[in-house]
Amino acid sequence: MEQTKGNEMRNINVDHDDDEKWVYDSSVDHKGRLPLRASTGAWKASLFIIAIEFSERLSYFGIATSLIIYLTKVIHQDLKTAARSVNYWAGVTTLMPLFGGFIADAYLGRFFTVLCSTIVYLLGLILLTMSWFVPSLKACEGDVCAEPRKAHEVAFFLAIYLISIGTGGHKPSLESFGADQFDDDHPQERKNKMSFFNWWNSGLCSGLLLGVTVIVYVQDHVNWGIADIILTVVMASSLLIFIIGRPYYRYRMPSGSPLTPMLQVLAAAISKRKLPHPSNPADLYEVPNSQKAQGRLLCHTKKLKFLDRAAIVEEKENSFEKQDPWRLVTVTKVEEMKLVLNMIPIWLATLPFGICVAQAATFFIKQGVVMNRNIGGFLIPPASIYSLAAIGMITSVIIYEKILVPILRKATGNERGIKILQRIGIGMLFSIATMIVAALVEKKRLGAVKKDPVNGSLSMSVFWLAPQFFIIGAGDGFALVGLQEYFYDQVPDSMRSLGIAFYLSVIGAANFLSSLLITLVDHVTEKGGKSWFGKDLNSSRLDNFYWLLAIMTMANLLLFVFVAKRYSYKNVQSLAVANCNEDDHDAAGSMA
């Protein structure tokens, strides 16, 4: 007996040593072999990936934050049209990842999707540079244009939408590829993955910070063409760095269309709709837990029971034989379908937050244009005030990661500190505070304009806008990072690029909704006597619009809390056991 126990202990130690040496999470190295833990993945690989994200954010925010100024000054669009143009472009940029994420998960894989999309992004930057320097594509011959050439408008919009398409493949694939470098079944790497999203966003904000200061300064004081050259060189360099890191990455092979398994679940559930629901969930069909090629197995949950019928084994079906996937699916596939359906209310409930975020790159920046930006003889570019949002986000992420998480881990026993949806809810509180502060500041500015129509706005420093930028940035450190974690972690493992795309689609859809809301409010208030959106800021009532957003977001937060309390987190089966405790799905899921 003692000899048997000794053999068992030695086998356990061998298995542990084997798990420490090799990575068994369905990933492969660059030669298609089982990855060696010591030489692949984790921080050594993710730093290459964060580097290219830094460059992409540098160029994206360098363009995005100045876009409304370029459209009004060079393209000569009015305030409403320019705001809509920015929102449409931002909307396309953040909805395109749905397509890019699908391609990455189903066909190309994340590495090659990032590679191809970055090349498209680079082409957009090159065309943007050409639109400034090529004589036939320039806005006009002189420095000041009464009316820009049509060729310049076409080249400009084609360039920025090429950047949108590039972002569509780059953004969801790169972030999920970075998170893939950490093994969920390895305790230390799992904790590092939770930190990865925080440091990922710190890198993102560093790129944003340089984009809205150095790049915007060059745009404002030199010209857009030189700024575009800088962005092109930086992006080309980061692409080279990304390729150099290839031997250190862990790769996930594309698994085919993620829509097919969901359709199979629906088809099987409908075909067995008349069968009685089994009293014991253990009677439902599942593959053995030891079959690691199948990926991680999920535990059964009690919600959406109709779908469970897809996993009922009929008398004529032998669970040990190969089954028709359109007639019988595993519990894991059923639970993956439930995960996607459960995300829909969360996705909808985060849209008003996204609408608040959209204001920072449009109306907040435009407010900065008309205020006093002179500090000690130095004229601050209006878009540079956006840097305070980046500082706010970096500050909140560092405080959360270094101070709050260790304290909350001890208090709650949760590896994350608090649940993901709780983190998102805290961020929504910040967005409400942002809109209230923005409304009060704009009310004060309009009061100054009323007293002195010519110089009223200039009597107020641009730093009156600092609180609203800093608060929205701090809120992003909770809500946006939380949304990234949520949509990466809670989707099926085969859909993680699409998961990041779902997060980005919140911001994209919110940009479109913001444009729609502006149009609707403009129409309603114009009928009431005077539109809240005039030809310029001084004839507008943005303070009223901000109050409207604060009330909408406040009401939505109540809905979000209601939905979040009833949400069931993903519950992954432990590799050590084949059974699940259905009462533990919230705790297990929150640590998954």
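Cβ coordinates come from backbone N, Cα and C, glycine included.
Just so you know, TrEMBL annotations never went through curation; they're auto-generated.
The annotation transmembrane segment is assigned in TrEMBL to 87-104, 110-128, 199-218, 224-245, 346-365, 385-408, 420-441, 461-488, 500-525, 545-564.
If you count C-beta pairs under 8 angstroms between the transmembrane segment (545-564) and each of 110-128, 346-365, 385-408, 461-488, the highest count goes to 346-365.
Counting Cβ pairs under 8 Å that are 6 or more residues apart, the transmembrane segment (199-218) and the transmembrane segment (461-488) reach 3 or more and are in contact.
Residues 52, 56, 59, 63, 100, 103-104, 155-156, 158-170, 173-174, 176-177, 180, 228, 231-232, 235-236, 239, 242-243, 246, 249, 251-252, 497 of the same chain sit 6 or more residues outside the transmembrane segment (110-128) yet have a Cβ under 8 Å from a Cβ within it. Scored by C-beta pairs under 8 angstroms, the transmembrane segment (346-365) has its highest count with 500-525, from the stretches 87-104, 224-245, 500-525.
Looking at 420-441, 461-488, 500-525, the range that has the most CB pairs within less than 8 A of the transmembrane segment (87-104) turns out to be 500-525.
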